[in-house]
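Visitor: This is the structure I have questions about; it appears just below.
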């Protein structure tokens, strides 16, 4: 009986299940979108019960599409939108509030208060993260302080916290297992990445009871088995990593200096720094890349909040395109950006600027600016932001990048990939299997159950679909980048500080 690995890929806008074979090839995919909830400006929420329902649904669907039985699944890997925070009652299994999404800015003011007390330095030293509303810690505190009865339940030991991986595993095991992995824990702003444990001092500062937190384990190990009610059989849950770390693993960036960019809702650039946690001087995050083989490896990360989401905005709000794919056609219908820059700082701007008060702007408009120029500027904004992050990584790590591995939905846009290569001045490599986030989770799960022997075996699966080489003159590149930096400066510090 041929065996497969199931990967549950719980993203920001959709829940997916992808089944892989031994060669790392996709056997089947099932996907369902779920509701985005915007209660106030800058607030973003999801319904955890909807996420669980849709995730369980696509798992069954993927098995049906592949025409394989649950007995043929050797292990399940989970990868998830990171930082998004769920708090639930362990007795009833019901969330006390909606999941607060990584994009949500509601705790920006509280982060400013902590910064005034100098706590940002403590957080950076211990967790490798910037003090920001993006991470889980202040979201947990917000729920405890603002949801009626939540603090009392937490003090009694009745509330559990988890990122989406923890929430899924808890539900898959019918409440038996409350666990996360090192990569997800490293995104909470509560985990000491050097000592590899929840940090008592930070828990005290934020007034979060330790009893709420999950046990932290490696990214590749058997956490438990699915309850039989789910598939009719028990299947080992054996891999878990935050989406960006999973993509780094799926891209086989196993050596220090290897980097990838995932062009999803946000863009996320990670560079493997090996067993050394590199402290960033450029506003990048130091994070855990993977916990495997009895050790952890670290990475530098630059987070770009609005990547592919700018294309959704062009489609849904401005109605300039009917589909995301059309952006490539429009962008190539004009010779250049005609001096137009779009800074998509809809929810502030991330690395290396970190300004919660920046807002989106379109600059350089003249009477000759057309829809095509704005669409092109939107695509180019992803490449410029990637450039800024990559330059900061090179500076911090002392490693010059030779090539960039790419994945995520927008990497299928050939215009964007060519422009990315031109702006970076290095080769951009798109792999055969672009679902590297799900693939990384599958690899982690498969390694834990002996489906794959080791990383060397996995590396042999990686193949290039297309390579993009830089074709832009240095002078033109520098001029474009200078214009972009000028535009970013104009977008910063726009929103009034409360």
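Each residue, glycine too, has its Cβ placed from N, Cα and C.
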Visitor: To which of 109, 175, 398, 409 does Swiss-Prot also attribute binding of ATP at the site defined by 12, 13, 14, 265, 308, 312?
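Guide: ATP site check in Swiss-Prot: besides 12, 13, 14, 265, 308, 312, the record includes 409 out of 109, 175, 398, 409.
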Visitor: According to Swiss-Prot, 82, 83, 243, 244 bind glycerol; which one of 38, 134, 298 is annotated to that same site?
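Guide: Answer, per Swiss-Prot (glycerol site with 82, 83, 243, 244), from 38, 134, 298: 134.
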Visitor: Go through 16, 82, our binding-site residues, and report the one whose Cβ sees the most other Cβ atoms within 10 Å.
Guide: 82
Visitor: Using a 10 Å cut-off on CB atoms, tell me which of the binding-site residues 83, 243 is the least crowded.
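Guide: Lowest Cβ count within 10 Å among the binding-site residues (83, 243) is 83.
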Visitor: Around the Cβ of residue 265 (ADP binding site), how many other Cβ atoms lie within 10 Å? Please give the count over every shown protein chain.
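Guide: For residue 265 (ADP binding site), the 10 Å Cβ neighbour count is 24.
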Visitor: When the Cα of residue 16 (ADP binding site) is compared with the Cα of each of the binding-site residues 83, 134, 243, 244, 312, which one is closest?
Guide: 243
Visitor: If you compare CA-to-CA distances from residue 134 (sn-glycerol 3-phosphate binding site) to each of the binding-site residues 13, 244, 308, 413, which comes out shortest?
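Guide: Considering only the listed binding-site residues, the nearest one is 244.
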Visitor: Nearest to residue 308 (ADP binding site) in three-dimensional space, by Cα, is which of the binding-site residues 13, 14, 83, 243, 244?
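Guide: With Cα distances computed to residue 308 (ADP binding site), the winner among 13, 14, 83, 243, 244 is 13.
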Visitor: When neighbour density is defined as the number of other C-beta atoms within 10 angstroms of a residue's C-beta, which of the binding-site residues 12, 14, 244, 312, 413 has the lowest density?
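Guide: Each of the binding-site residues 12, 14, 244, 312, 413 was scored by Cβ atoms within 10 Å; lowest is 312.
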Visitor: Applying the rule Cβ within 8 Å of the centroid of the Cβ atoms of 12, 82, 83, 134, 243, what extra residues of the same chain belong around the sn-glycerol 3-phosphate site?
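Guide: Neighbours found: 80, 81, 84, 101, 102, 187, 242, 244, 266.
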